[in-house]
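Per TrEMBL, these features apply:
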- 111-121: compositional bias 'Low complexity' (COMPBIAS)
- 122-134: compositional bias 'Pro residues' (COMPBIAS)
- 185-200: compositional bias 'Low complexity' (COMPBIAS)
- 201-216: compositional bias 'Pro residues' (COMPBIAS)
- 12-88: domain 'Lipoyl-binding' (DOMAIN)
- 138-175: domain 'Peripheral subunit-binding (PSBD)' (DOMAIN)
- 98-139: region 'Disordered' (REGION)
- 183-230: region 'Disordered' (REGION)
Amino acid sequence: MLFSFYPLGVSPLKVQMPALSPTMEEGNIVKWLKKEGEAVAAGDALCEIETDKAVVTMESNDDGVLAKILVNEGSRNVRLGTLIALMVEEGQDWKQVEIPSPDAAPPSEAPPATQAAAAPSAPSPPSPPKPVTPGPLRLSPAARHILDTHGLDPKLATPTGPRGLITKEDALNLLKTSPAPKAMPSVVASSQPSPISAPAASPPPPGSRPNIPPVSVPGKPGAPGTFTEVPASNVRRVIAQRLTQSKTTIPHSYASIDCDMAAVTQLRKDLAKEQIKVSVNDFIIKAAAVTLKEIPEMNVTWSGDGPHALNSIHISVAVATDKGVIAPVIKDAANKGVQEISSNAKALAQKARDGKLLPEEYQGGSFSISNLGMFGISGFSGVINPPQACILAVGTSRPELQLCEDDQTLHTKQLMTVTLSSDGRLVDDELASRFLDKFRANLEQPQRMALA
(Lines of atoms letter the chains of each structure in order from A and count residues from 1; the text may use other names and numbers.)
(Lines give C-alpha, C1' and ligand atoms only; values in the text may rest on other atoms or scores of the structure.)
Protein backbone atom coordinates (compact mmCIF):
# COMPACT_ATOMS: atom_id res chain seq x y z
CA MET A 1 0.00 0.00 0.00
CA LEU A 2 1.17 3.53 -0.75
CA PHE A 3 -0.15 4.88 2.57
CA SER A 4 0.49 3.36 5.98
CA PHE A 5 0.88 4.36 9.63
CA TYR A 6 3.82 4.28 12.04
CA PRO A 7 2.90 3.48 15.64
CA LEU A 8 4.66 6.54 17.02
CA GLY A 9 5.12 8.56 13.89
CA VAL A 10 6.40 12.10 13.58
CA SER A 11 3.72 14.63 12.70
CA PRO A 12 4.41 15.82 9.15
CA LEU A 13 4.37 19.18 7.40
CA LYS A 14 2.17 18.65 4.35
CA VAL A 15 3.25 19.76 0.88
CA GLN A 16 0.31 20.08 -1.51
CA MET A 17 -0.01 20.82 -5.23
CA PRO A 18 -0.23 24.64 -5.35
CA ALA A 19 -2.05 26.95 -7.76
CA LEU A 20 0.80 28.46 -9.77
CA SER A 21 -1.41 30.34 -12.24
CA PRO A 22 -4.95 31.77 -12.12
CA THR A 23 -6.29 29.21 -14.60
CA MET A 24 -4.40 26.20 -13.25
CA GLU A 25 -6.57 23.25 -12.17
CA GLU A 26 -3.97 20.49 -12.26
CA GLY A 27 -0.25 20.09 -12.89
CA ASN A 28 2.43 17.59 -13.84
CA ILE A 29 5.41 16.78 -11.62
CA VAL A 30 8.37 17.24 -13.97
CA LYS A 31 11.29 16.76 -11.58
CA TRP A 32 11.99 16.62 -7.86
CA LEU A 33 14.94 18.86 -6.97
CA LYS A 34 15.28 17.51 -3.42
CA LYS A 35 15.69 13.93 -2.25
CA GLU A 36 14.10 12.20 0.72
CA GLY A 37 16.15 12.91 3.83
CA GLU A 38 17.61 16.13 2.40
CA ALA A 39 17.46 19.34 4.42
CA VAL A 40 15.19 22.06 3.04
CA ALA A 41 15.18 25.76 3.88
CA ALA A 42 12.30 28.14 3.26
CA GLY A 43 12.62 29.41 -0.30
CA ASP A 44 14.53 26.37 -1.57
CA ALA A 45 13.36 24.84 -4.83
CA LEU A 46 11.47 21.60 -4.12
CA CYS A 47 10.34 20.47 -7.54
CA GLU A 48 9.48 21.58 -11.07
CA ILE A 49 5.78 21.60 -11.95
CA GLU A 50 4.32 21.94 -15.43
CA THR A 51 1.30 24.22 -15.20
CA ASP A 52 -1.12 25.24 -17.94
CA LYS A 53 1.35 27.99 -18.91
CA ALA A 54 4.92 26.90 -18.26
CA VAL A 55 7.26 24.81 -16.14
CA VAL A 56 7.45 26.57 -12.76
CA THR A 57 9.75 25.89 -9.84
CA MET A 58 7.87 25.26 -6.59
CA GLU A 59 9.59 26.67 -3.52
CA SER A 60 9.32 25.45 0.07
CA ASN A 61 7.42 27.56 2.58
CA ASP A 62 9.05 25.93 5.61
CA ASP A 63 12.40 24.86 7.02
CA GLY A 64 12.84 21.17 7.67
CA VAL A 65 13.66 17.85 6.03
CA LEU A 66 11.95 16.28 3.01
CA ALA A 67 10.67 13.04 4.54
CA LYS A 68 8.49 11.39 1.91
CA ILE A 69 7.72 11.99 -1.77
CA LEU A 70 4.16 10.80 -2.39
CA VAL A 71 3.81 11.78 -6.07
CA ASN A 72 6.73 10.71 -8.23
CA GLU A 73 8.37 12.43 -11.16
CA GLY A 74 6.40 12.13 -14.37
CA SER A 75 3.02 12.04 -12.62
CA ARG A 76 0.45 13.86 -14.73
CA ASN A 77 -2.85 15.62 -14.07
CA VAL A 78 -2.28 16.03 -10.32
CA ARG A 79 -5.21 18.07 -9.01
CA LEU A 80 -4.77 21.21 -6.93
CA GLY A 81 -4.53 20.47 -3.21
CA THR A 82 -3.30 16.91 -3.72
CA LEU A 83 -0.73 15.86 -1.11
CA ILE A 84 2.52 15.43 -3.04
CA ALA A 85 5.13 15.25 -0.26
CA LEU A 86 5.72 15.32 3.49
CA MET A 87 8.32 17.23 5.49
CA VAL A 88 9.33 17.13 9.14
CA GLU A 89 10.84 19.84 11.30
CA GLU A 90 14.58 20.07 11.82
CA GLY A 91 15.88 17.60 14.39
CA GLN A 92 13.03 15.13 13.96
CA ASP A 93 13.52 11.62 12.57
CA TRP A 94 12.30 11.91 8.99
CA LYS A 95 12.24 8.12 8.59
CA GLN A 96 9.49 7.91 11.21
CA VAL A 97 7.18 10.43 9.52
CA GLU A 98 3.50 9.60 9.93
CA ILE A 99 1.92 9.17 6.51
CA PRO A 100 -1.76 10.16 6.65
CA SER A 101 -4.42 7.88 5.27
CA PRO A 102 -5.95 8.91 1.95
CA ASP A 103 -9.18 10.36 3.33
CA ALA A 104 -9.41 12.69 0.33
CA ALA A 105 -10.37 11.56 -3.11
CA PRO A 106 -7.51 9.75 -4.90
CA PRO A 107 -6.02 11.01 -8.20
CA SER A 108 -7.83 10.54 -11.46
CA GLU A 109 -5.99 7.29 -12.20
CA ALA A 110 -7.02 5.68 -8.88
CA PRO A 111 -10.64 4.69 -9.62
CA PRO A 112 -9.70 2.68 -12.75
CA ALA A 113 -6.85 1.03 -10.85
CA THR A 114 -9.21 0.04 -8.04
CA GLN A 115 -11.65 -1.29 -10.58
CA ALA A 116 -8.91 -3.27 -12.31
CA ALA A 117 -7.64 -4.68 -9.03
CA ALA A 118 -11.12 -5.82 -8.04
CA ALA A 119 -11.69 -7.51 -11.37
CA PRO A 120 -9.84 -10.80 -10.59
CA SER A 121 -12.11 -11.41 -7.58
CA ALA A 122 -15.14 -11.48 -9.87
CA PRO A 123 -16.54 -14.90 -10.92
CA SER A 124 -14.39 -16.48 -13.61
CA PRO A 125 -17.17 -17.67 -15.96
CA PRO A 126 -17.97 -14.85 -18.39
CA SER A 127 -21.43 -13.46 -17.97
CA PRO A 128 -23.15 -10.66 -19.84
CA PRO A 129 -22.66 -7.30 -18.11
CA LYS A 130 -25.69 -5.88 -16.40
CA PRO A 131 -27.03 -2.69 -17.84
CA VAL A 132 -26.71 0.36 -15.61
CA THR A 133 -29.73 2.16 -14.29
CA PRO A 134 -31.57 4.12 -16.96
CA GLY A 135 -30.60 7.76 -17.41
CA PRO A 136 -28.54 10.00 -19.69
CA LEU A 137 -25.23 8.39 -20.64
CA ARG A 138 -22.01 10.32 -20.08
CA LEU A 139 -18.96 8.99 -21.93
CA SER A 140 -15.39 10.23 -22.14
CA PRO A 141 -14.12 10.67 -25.75
CA ALA A 142 -11.77 7.68 -25.42
CA ALA A 143 -14.54 5.46 -24.02
CA ARG A 144 -16.93 6.50 -26.80
CA HIS A 145 -14.33 5.65 -29.43
CA ILE A 146 -13.63 2.18 -27.98
CA LEU A 147 -17.31 1.31 -27.68
CA ASP A 148 -18.12 2.63 -31.18
CA THR A 149 -15.16 0.84 -32.76
CA HIS A 150 -16.11 -2.54 -31.31
CA GLY A 151 -19.87 -2.07 -31.64
CA LEU A 152 -20.57 -2.33 -27.92
CA ASP A 153 -23.64 -0.92 -26.25
CA PRO A 154 -22.54 1.81 -23.77
CA LYS A 155 -25.53 0.92 -21.58
CA LEU A 156 -23.76 -2.33 -20.68
CA ALA A 157 -20.71 -0.53 -19.24
CA THR A 158 -20.41 0.07 -15.52
CA PRO A 159 -19.44 3.71 -14.99
CA THR A 160 -16.81 4.47 -12.36
CA GLY A 161 -16.10 8.11 -13.23
CA PRO A 162 -17.51 11.15 -11.47
CA ARG A 163 -21.28 11.65 -11.79
CA GLY A 164 -21.74 8.42 -13.70
CA LEU A 165 -19.08 9.08 -16.39
CA ILE A 166 -18.06 6.03 -18.42
CA THR A 167 -14.25 6.19 -18.56
CA LYS A 168 -11.78 4.60 -20.94
CA GLU A 169 -11.04 1.89 -18.35
CA ASP A 170 -14.76 1.10 -18.06
CA ALA A 171 -14.94 0.60 -21.81
CA LEU A 172 -11.86 -1.65 -21.76
CA ASN A 173 -13.35 -3.72 -18.93
CA LEU A 174 -16.53 -4.17 -20.95
CA LEU A 175 -14.46 -5.15 -23.97
CA LYS A 176 -12.64 -7.84 -21.92
CA THR A 177 -15.89 -9.40 -20.74
CA SER A 178 -17.62 -9.15 -24.10
CA PRO A 179 -17.78 -12.16 -26.48
CA ALA A 180 -15.76 -12.62 -29.66
CA PRO A 181 -15.65 -9.69 -32.10
CA LYS A 182 -18.58 -9.28 -34.39
CA ALA A 183 -16.29 -9.89 -37.39
CA MET A 184 -16.80 -13.70 -36.81
CA PRO A 185 -20.46 -14.01 -35.85
CA SER A 186 -21.12 -17.14 -37.95
CA VAL A 187 -18.30 -19.19 -36.34
CA VAL A 188 -19.40 -18.32 -32.85
CA ALA A 189 -23.03 -19.02 -33.62
CA SER A 190 -22.35 -22.41 -35.26
CA SER A 191 -20.01 -23.76 -32.60
CA GLN A 192 -21.80 -22.58 -29.49
CA PRO A 193 -25.04 -20.69 -29.73
CA SER A 194 -25.26 -18.37 -26.77
CA PRO A 195 -27.31 -15.35 -25.87
CA ILE A 196 -24.07 -13.61 -24.91
CA SER A 197 -23.36 -12.86 -28.59
CA ALA A 198 -26.41 -10.63 -28.76
CA PRO A 199 -24.73 -7.46 -27.50
CA ALA A 200 -21.86 -7.80 -30.00
CA ALA A 201 -24.21 -8.47 -32.91
CA SER A 202 -26.51 -5.60 -32.03
CA PRO A 203 -25.97 -2.38 -34.01
CA PRO A 204 -24.42 0.66 -32.28
CA PRO A 205 -26.89 2.70 -30.24
CA PRO A 206 -28.75 5.48 -32.05
CA GLY A 207 -26.92 8.78 -32.21
CA SER A 208 -23.47 7.22 -31.76
CA ARG A 209 -20.58 8.09 -34.02
CA PRO A 210 -19.71 5.72 -36.91
CA ASN A 211 -17.22 2.93 -36.32
CA ILE A 212 -14.60 4.67 -38.46
CA PRO A 213 -11.76 5.43 -38.54
CA PRO A 214 -10.49 2.22 -36.89
CA VAL A 215 -8.04 2.48 -34.02
CA SER A 216 -4.38 1.87 -34.85
CA VAL A 217 -2.35 -0.90 -33.20
CA PRO A 218 0.83 0.23 -31.38
CA GLY A 219 4.01 -1.13 -32.95
CA LYS A 220 2.39 -1.93 -36.29
CA PRO A 221 2.17 0.19 -39.42
CA GLY A 222 -1.04 2.20 -39.49
CA ALA A 223 -3.63 1.11 -42.03
CA PRO A 224 -5.37 3.73 -44.16
CA GLY A 225 -7.88 5.63 -42.07
CA THR A 226 -6.30 4.83 -38.69
CA PHE A 227 -5.10 7.39 -36.18
CA THR A 228 -3.00 7.62 -33.05
CA GLU A 229 -4.15 9.41 -29.92
CA VAL A 230 -1.73 12.16 -28.87
CA PRO A 231 -1.86 13.14 -25.18
CA ALA A 232 -2.55 16.86 -24.78
CA SER A 233 -0.25 18.88 -22.56
CA ASN A 234 -1.67 21.14 -19.88
CA VAL A 235 -0.77 24.15 -22.02
CA ARG A 236 -2.59 22.75 -25.06
CA ARG A 237 -5.70 21.91 -23.04
CA VAL A 238 -5.90 25.39 -21.56
CA ILE A 239 -5.36 26.97 -24.99
CA ALA A 240 -8.26 24.91 -26.32
CA GLN A 241 -10.51 25.88 -23.41
CA ARG A 242 -9.72 29.59 -23.62
CA LEU A 243 -10.05 29.78 -27.41
CA THR A 244 -13.42 28.05 -27.21
CA GLN A 245 -14.48 30.38 -24.41
CA SER A 246 -13.37 33.42 -26.40
CA LYS A 247 -15.10 32.52 -29.67
CA THR A 248 -18.33 31.43 -27.98
CA THR A 249 -18.72 34.21 -25.39
CA ILE A 250 -17.07 37.30 -26.94
CA PRO A 251 -18.70 39.09 -29.90
CA HIS A 252 -15.66 39.59 -32.14
CA SER A 253 -15.51 42.58 -34.47
CA TYR A 254 -12.78 43.05 -37.07
CA ALA A 255 -11.20 46.04 -38.82
CA SER A 256 -8.04 46.26 -40.98
CA ILE A 257 -5.75 49.05 -42.14
CA ASP A 258 -2.56 49.32 -44.23
CA CYS A 259 0.51 51.06 -42.77
CA ASP A 260 3.40 52.53 -44.76
CA MET A 261 6.58 51.08 -43.26
CA ALA A 262 9.07 53.34 -45.08
CA ALA A 263 9.86 55.53 -42.05
CA VAL A 264 10.33 52.56 -39.69
CA THR A 265 12.54 50.79 -42.24
CA GLN A 266 14.76 53.85 -42.65
CA LEU A 267 14.97 54.42 -38.89
CA ARG A 268 16.02 50.81 -38.33
CA LYS A 269 18.82 51.26 -40.88
CA ASP A 270 20.01 54.44 -39.14
CA LEU A 271 19.98 52.74 -35.75
CA ALA A 272 21.86 49.71 -37.13
CA LYS A 273 24.72 52.03 -38.12
CA GLU A 274 25.02 52.86 -34.42
CA GLN A 275 24.96 49.15 -33.49
CA ILE A 276 21.40 49.42 -32.16
CA LYS A 277 19.39 46.47 -33.41
CA VAL A 278 15.62 46.59 -33.04
CA SER A 279 12.91 44.73 -34.95
CA VAL A 280 9.80 45.91 -36.72
CA ASN A 281 7.77 44.17 -34.02
CA ASP A 282 9.43 46.35 -31.37
CA PHE A 283 8.13 49.46 -33.15
CA ILE A 284 4.68 47.87 -33.44
CA ILE A 285 4.61 47.19 -29.67
CA LYS A 286 5.65 50.77 -28.96
CA ALA A 287 3.10 52.20 -31.41
CA ALA A 288 0.27 50.13 -29.92
CA ALA A 289 1.19 51.15 -26.36
CA VAL A 290 1.40 54.85 -27.24
CA THR A 291 -1.92 54.67 -29.08
CA LEU A 292 -3.57 53.08 -26.03
CA LYS A 293 -2.20 55.94 -23.95
CA GLU A 294 -3.71 58.44 -26.39
CA ILE A 295 -7.05 56.58 -26.55
CA PRO A 296 -7.54 55.22 -23.01
CA GLU A 297 -11.07 54.02 -23.86
CA MET A 298 -9.37 51.10 -25.62
CA ASN A 299 -7.37 50.09 -22.54
CA VAL A 300 -10.19 48.15 -20.87
CA THR A 301 -11.11 44.61 -19.91
CA TRP A 302 -14.46 42.88 -19.45
CA SER A 303 -15.41 41.18 -16.21
CA GLY A 304 -18.63 39.70 -14.89
CA ASP A 305 -19.94 43.07 -13.72
CA GLY A 306 -18.95 45.06 -16.81
CA PRO A 307 -16.02 47.10 -18.18
CA HIS A 308 -12.91 47.80 -16.12
CA ALA A 309 -10.74 50.77 -17.18
CA LEU A 310 -7.04 49.98 -16.69
CA ASN A 311 -4.48 52.41 -15.34
CA SER A 312 -1.43 50.63 -16.78
CA ILE A 313 -0.55 49.59 -20.32
CA HIS A 314 0.89 46.08 -20.46
CA ILE A 315 1.29 44.54 -23.93
CA SER A 316 1.00 40.75 -24.34
CA VAL A 317 3.16 39.52 -27.24
CA ALA A 318 2.34 36.09 -28.70
CA VAL A 319 5.31 33.69 -28.81
CA ALA A 320 5.21 30.27 -30.51
CA THR A 321 6.68 27.42 -28.43
CA ASP A 322 6.84 23.66 -28.82
CA LYS A 323 3.86 23.31 -26.45
CA GLY A 324 1.71 26.06 -27.96
CA VAL A 325 1.42 29.83 -28.10
CA ILE A 326 2.01 31.81 -24.90
CA ALA A 327 1.96 35.59 -24.52
CA PRO A 328 4.55 37.09 -22.15
CA VAL A 329 3.84 40.66 -21.10
CA ILE A 330 5.87 43.84 -21.75
CA LYS A 331 5.06 45.91 -18.65
CA ASP A 332 4.48 49.69 -18.97
CA ALA A 333 5.34 49.58 -22.66
CA ALA A 334 4.18 53.14 -23.30
CA ASN A 335 6.86 54.49 -20.93
CA LYS A 336 9.72 52.45 -22.42
CA GLY A 337 11.92 53.20 -25.38
CA VAL A 338 12.02 50.93 -28.42
CA GLN A 339 15.46 49.61 -27.45
CA GLU A 340 14.28 48.65 -23.95
CA ILE A 341 11.16 47.03 -25.40
CA SER A 342 13.38 45.04 -27.76
CA SER A 343 15.57 43.82 -24.89
CA ASN A 344 12.56 42.82 -22.78
CA ALA A 345 10.82 41.08 -25.69
CA LYS A 346 13.89 38.99 -26.57
CA ALA A 347 14.45 37.88 -22.97
CA LEU A 348 10.80 36.98 -22.40
CA ALA A 349 10.52 35.13 -25.73
CA GLN A 350 13.52 32.97 -24.86
CA LYS A 351 12.13 32.18 -21.41
CA ALA A 352 8.81 31.27 -23.00
CA ARG A 353 10.47 28.83 -25.41
CA ASP A 354 12.44 27.32 -22.52
CA GLY A 355 9.27 26.99 -20.42
CA LYS A 356 10.79 29.14 -17.66
CA LEU A 357 8.35 32.06 -17.53
CA LEU A 358 7.27 33.16 -14.07
CA PRO A 359 3.53 33.71 -13.50
CA GLU A 360 3.95 37.49 -13.24
CA GLU A 361 5.66 37.48 -16.66
CA TYR A 362 2.60 36.22 -18.54
CA GLN A 363 -0.26 37.59 -16.43
CA GLY A 364 -1.90 41.00 -16.39
CA GLY A 365 -1.73 41.98 -20.05
CA SER A 366 -4.20 44.60 -21.27
CA PHE A 367 -3.71 44.33 -25.06
CA SER A 368 -2.31 41.53 -27.27
CA ILE A 369 -0.20 41.54 -30.43
CA SER A 370 0.32 38.54 -32.71
CA ASN A 371 2.78 38.92 -35.59
CA LEU A 372 2.96 36.32 -38.37
CA GLY A 373 4.73 38.60 -40.84
CA MET A 374 7.99 36.65 -40.52
CA PHE A 375 6.16 33.64 -42.02
CA GLY A 376 5.02 35.59 -45.07
CA ILE A 377 1.38 35.83 -43.92
CA SER A 378 -0.20 38.85 -45.59
CA GLY A 379 -3.03 39.22 -43.10
CA PHE A 380 -5.13 37.30 -40.57
CA SER A 381 -7.54 37.75 -37.66
CA GLY A 382 -6.56 36.96 -34.08
CA VAL A 383 -8.73 35.48 -31.33
CA ILE A 384 -9.18 37.75 -28.32
CA ASN A 385 -7.49 36.63 -25.10
CA PRO A 386 -10.09 37.17 -22.34
CA PRO A 387 -10.53 39.31 -20.32
CA GLN A 388 -8.70 41.61 -22.72
CA ALA A 389 -10.72 43.62 -25.22
CA CYS A 390 -8.46 43.51 -28.29
CA ILE A 391 -5.76 41.70 -30.19
CA LEU A 392 -3.80 43.18 -33.11
CA ALA A 393 -2.86 40.72 -35.87
CA VAL A 394 0.16 41.82 -37.92
CA GLY A 395 0.99 40.60 -41.42
CA THR A 396 4.10 40.93 -43.56
CA SER A 397 5.08 44.09 -45.44
CA ARG A 398 4.75 44.05 -49.22
CA PRO A 399 5.67 46.44 -52.05
CA GLU A 400 2.68 48.07 -53.70
CA LEU A 401 2.38 50.72 -56.40
CA GLN A 402 0.27 53.72 -55.45
CA LEU A 403 -0.63 56.92 -57.27
CA CYS A 404 0.72 60.10 -55.72
CA GLU A 405 -2.05 62.71 -55.80
CA ASP A 406 0.36 65.65 -55.86
CA ASP A 407 2.19 64.92 -59.11
CA GLN A 408 0.06 62.04 -60.45
CA THR A 409 3.04 59.68 -60.53
CA LEU A 410 3.35 56.10 -59.35
CA HIS A 411 5.40 55.33 -56.25
CA THR A 412 6.25 52.03 -54.58
CA LYS A 413 5.27 51.76 -50.93
CA GLN A 414 6.04 49.07 -48.35
CA LEU A 415 2.61 48.39 -46.89
CA MET A 416 1.80 46.22 -43.90
CA THR A 417 -1.74 45.10 -43.06
CA VAL A 418 -2.82 44.98 -39.43
CA THR A 419 -6.21 43.63 -38.32
CA LEU A 420 -7.79 44.57 -35.01
CA SER A 421 -10.07 42.02 -33.36
CA SER A 422 -12.11 43.80 -30.69
CA ASP A 423 -14.78 42.90 -28.15
CA GLY A 424 -18.03 44.42 -29.40
CA ARG A 425 -19.25 44.84 -25.81
CA LEU A 426 -16.41 47.28 -25.11
CA VAL A 427 -15.19 48.66 -28.43
CA ASP A 428 -17.60 49.87 -31.10
CA ASP A 429 -16.67 50.31 -34.76
CA GLU A 430 -16.02 54.04 -34.47
CA LEU A 431 -13.62 53.59 -31.56
CA ALA A 432 -11.81 50.76 -33.35
CA SER A 433 -11.44 52.95 -36.45
CA ARG A 434 -10.00 55.83 -34.41
CA PHE A 435 -7.52 53.47 -32.77
CA LEU A 436 -6.30 52.07 -36.09
CA ASP A 437 -6.00 55.54 -37.64
CA LYS A 438 -3.94 56.79 -34.67
CA PHE A 439 -1.85 53.60 -34.65
CA ARG A 440 -1.02 54.05 -38.33
CA ALA A 441 -0.01 57.68 -37.74
CA ASN A 442 2.32 56.67 -34.91
CA LEU A 443 3.91 53.88 -36.94
CA GLU A 444 4.34 55.95 -40.10
CA GLN A 445 5.81 58.86 -38.11
CA PRO A 446 7.94 57.24 -35.38
CA GLN A 447 8.99 60.62 -34.03
CA ARG A 448 5.40 61.08 -32.77
CA MET A 449 5.91 58.23 -30.32
CA ALA A 450 8.73 60.08 -28.59
CA LEU A 451 6.41 63.03 -27.95
CA ALA A 452 3.39 61.03 -26.70
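Every residue, even glycine, has its Cβ placed from backbone N, Cα and C.
Remember, TrEMBL labels are computer predictions, not curated facts.
According to DSSP, the secondary structure content of the domain 'Peripheral subunit-binding (PSBD)' (138-175) in residues is 23 helix, 4 strand, 11 coil. Across the range of the domain 'Lipoyl-binding' (12-88), the DSSP-based residue counts are 0 helix, 38 strand, 39 coil. Residues belonging to the domain 'Lipoyl-binding' (12-88) score a mean pLDDT of 88 in the model.
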